[in-house]
Amino acid sequence: MTSCHVIEDPIKKVAIFGGTHGNELTGVFLVKHWLENGTEIQRPGLEVKPFITNPRAVKKCTRYIDCDLNRVFDPGNLGKKMSKDLPYEVTRAQEINHLFGPKDNEDSYDIIFDLHNTTSNMGCTLILEDSRNDFLIQMFHYIKISLAPLPCYVYLIEHPSLKYATTRSIARYPVGIEVGPQPQGVLRADILDQMRKMIKHALDFIHNFNEGKEFPPCAIEVYKIMEKVDYPQNENGDIAAIIHPNLQDQDWKPLHPGDPVFLTLDGQIIPLGGDGTVYPVFVNEAAYYEKREAFAKTTKLTLKAKSIRSSVH
């Protein structure tokens, strides 16, 4: 007899967030479409709510107004007393937490899909925050299989100091979706189609789960963040070297010690240090220049999930 990891309750409430960053247009475009006509995202017995998270930033087609909405969902900001002096995104975070959270409250949303674009060549990417979450590993496995032969990568941001307080973190099951490359403030049909398919497969998985389908044990390959790499700087704190052509667009590809990483304007090559192979992600991401992040180093792992099923039947 197969041992099951039984999830007590079926999934009831799902939110799809677009516009957490107002210049990442695929999520904005899809959410606005689904607000007008949500037929394709509806599933029997499931409440699916599309939602524009940062409407002011969307209107201005900018990443944010005062601060990054995807970094302020921590207890400190969510607990601040409301006042006109609060940054717009902190006020908005409190509103979103009230509407969709707080986490583990019986009225909070079970799953939040937060839709993002990256200027990096990352293709279809699912972001996982918890390596021990059997439900999400099973969902990600289902999405990866359903998208094949199109590759779909899983980025694990479980880290003691590099994990940040995401907009989606107020749900029991937070899911980040990144699709790129796409310039800021631009729509691409191929990128939109990929993101749309990711959401379709995710909702199909939830529907199957709610119907009582058992998902057998599975394993997925993930890329776990190790550290973020800053651009080289001069004495004034300005960027002194750019991403080397050999690294540009090579997200998820192995990067070995001694491989070129940066290039100065006078032709000096700065290689990767250390003694182990890493896998770069968010290579030359436009939004991360202000954060001084040229790319993130990851290591490749395999995560396993137990068999799961809903207790609905």
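Heads up, the Cβ atoms here are built off N, Cα and C, so glycines get one too.
What TrEMBL says about a protein is an automatic prediction, not a curated fact.
The structure displayed is predicted, hence computed values, not measured ones.
Lifted from TrEMBL, the feature list:
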DOMAIN    11-206  domain 'Succinylglutamate desuccinylase/Aspartoacylase catalytic'
BINDING   His21, Glu24, His116  Zn(2+) binding site
BINDING   Arg63, Glu178, Tyr288  N-acetyl-L-aspartate binding site
BINDING   Asn70, Arg71, Tyr164, Ala165, Thr166, Thr167, Arg168  substrate binding site
ACT_SITE  Glu178  active site, proton donor/acceptor
DOMAIN    219-299  domain 'AstE/AspA barrel-sandwich hybrid'
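Features as recorded by TrEMBL, highlighted on the structure.
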residue: His21; record: Zn(2+) binding site; contacts (Cβ under 8 Å, 6+ apart): Asn54, Ala57, Arg63, Tyr64, Asp68, Leu69, Asn70, His116, Asn117, Ala287
residue: Glu24; record: Zn(2+) binding site; contacts (Cβ under 8 Å, 6+ apart): Arg63, Leu115, His116, Asn117, Gln182, Gln184
residue: Arg71; record: substrate binding site; contacts (Cβ under 8 Å, 6+ apart): Tyr164, Ala165, Thr166
residue: Arg168; record: substrate binding site; contacts (Cβ under 8 Å, 6+ apart): Phe17, Ile112, Phe113, Asp114, Pro174, Val175, Gly176
residue: Glu178; record: N-acetyl-L-aspartate binding site; contacts (Cβ under 8 Å, 6+ apart): His116, Asn117, Thr118, Met122, Thr125, Ile127, Tyr155
Item checked: In the chain carrying Tyr288 (N-acetyl-L-aspartate binding site), residues 6 or more apart in sequence that have Cβ under 8 angstroms from it -> Phe282, Ala294
Checklist line | Listed in sequence order, residues not in His21, Glu24, His116 with Cβ within 8 Å of the centre of the Zn(2+) site Cβ atoms | finding: Gly19, Thr20, Asn23, Gly27, Arg63, Asn70, Leu115, Asn117, Thr118, Glu178, Ala287
Next item on the list: Using the centroid of the Cβ atoms of Arg63, Glu178, Tyr288 as reference, list every other same-chain residue with Cβ within 8 Å of it (recorded N-acetyl-L-aspartate site), in sequence order.
Entry: His21, Glu24, His116, Asn117, Thr118, Thr119, Phe282, Glu285, Ala286, Ala287
Margin query: Can you check which residue among the binding-site residues Asn70, Thr166, Thr167 has the largest number of Cβ atoms within 10 Å of its own?
Written below: Thr167
Next item on the list: Whole number in angstrom, please: the longest C-alpha to C-alpha distance across Arg63, Glu178, Tyr288 for N-acetyl-L-aspartate.
Entry: 15
Item checked: Tally of residues which DSSP labels helix, strand or coil - the domain 'AstE/AspA barrel-sandwich hybrid' (219-299) -> 3 helix, 32 strand, 46 coil
Margin query: Test of understanding: give the count of other CB atoms lying within 10 angstroms of the CB of Tyr164 (substrate binding site).
Written below: 15
Next item on the list: Would you mind checking how many other C-beta atoms are within 10 angstroms of the C-beta on His116 (Zn(2+) binding site)?
Entry: 23
Next item on the list: Using the centroid of the Cβ atoms of Asn70, Arg71, Tyr164, Ala165, Thr166, Thr167, Arg168 as reference, list every other same-chain residue with Cβ within 8 Å of it (recorded substrate site), in sequence order.
Entry: Thr20, Asp68, Leu69, Val72, Phe73, Asp114, Ser169
Margin query: So the record assigns Asn70, Arg71, Tyr164, Ala165, Thr166, Thr167, Arg168 to substrate. If I measure every Cα pair among those residues, what is the longest distance in angstrom, as a whole number?
Written below: 11
